[in-house]
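In what follows, a single structure is set out as structure tokens and then discussed.
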């Protein structure tokens, strides 16, 4: 009797795992991957935020890195960083998001359009709320390149870039026929996010941990939005069959 019960329990566990890893079901692999990504990003963000509050761990190196970069700021790199950072301001992200939304609408990619509109505006609002939660002051220099009155952690520019390029890369990965195109999309998205983040540190607008926190915040919110829309789509398609 115990052997039969243990076999039934083992069988249920195996079926549960198989269901969570099934690629084509509504509560399968896509949902599992999204939950794992969300939990990982949340745990890492919580640890980083604790470092920021306590001024230890990674945050202990923030001031030194920022001071070194500010001391070595030179033209034409400074102008290039200003162009990059302005292109990913709120106005810039609105324009980029609008252009991508129009493209998705023309392609009748309605679910991806919904994911974009949830991810970027929703993530930008989340960033404002988190900034006010931690209220971290920005770096201070005697001769600042940029000076902003708002809070520093996490970086809004970097978070917005993570959200926008994250949706774009995810769309290409899920729809492109060629493996090379998918790889280039992911690599390009990572590169752009890192460049935007580096521009914010270089210009003295943020500390390195502000950038890391923004990326984790963005990845976590992307996981919520893209996974939620994907699960909803699969559920609707399953009911229509």
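Going from the start of the chain as shown, residues are counted 1 onward.
Using the three backbone atoms N, Cα and C, a Cβ is placed for every residue, glycine included.
Nobody curates TrEMBL annotations by hand; they come from automatic prediction.
As recorded in TrEMBL:
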- 27-49: transmembrane segment (TRANSMEM)
- 80-102: transmembrane segment (TRANSMEM)
- 109-130: transmembrane segment (TRANSMEM)
- 111-226: domain 'Phosphatidic acid phosphatase type 2/haloperoxidase' (DOMAIN)
- 150-171: transmembrane segment (TRANSMEM)
- 183-205: transmembrane segment (TRANSMEM)
- 211-232: transmembrane segment (TRANSMEM)
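Taking pairs at least six residues apart, the transmembrane segment (109-130) and the transmembrane segment (183-205) share fewer than three Cβ pairs below 8 Å and do not count as touching. When Cβ-Cβ distances under 8 Å to the transmembrane segment (27-49) are tallied for each of 80-102, 150-171, 183-205, 211-232, the top count falls to 211-232. Looking at 80-102, 183-205, 211-232, the range that has the most CB pairs within less than 8 A of the transmembrane segment (150-171) turns out to be 211-232. Over the domain 'Phosphatidic acid phosphatase type 2/haloperoxidase' (111-226), the average per-residue pLDDT in this prediction is 94.
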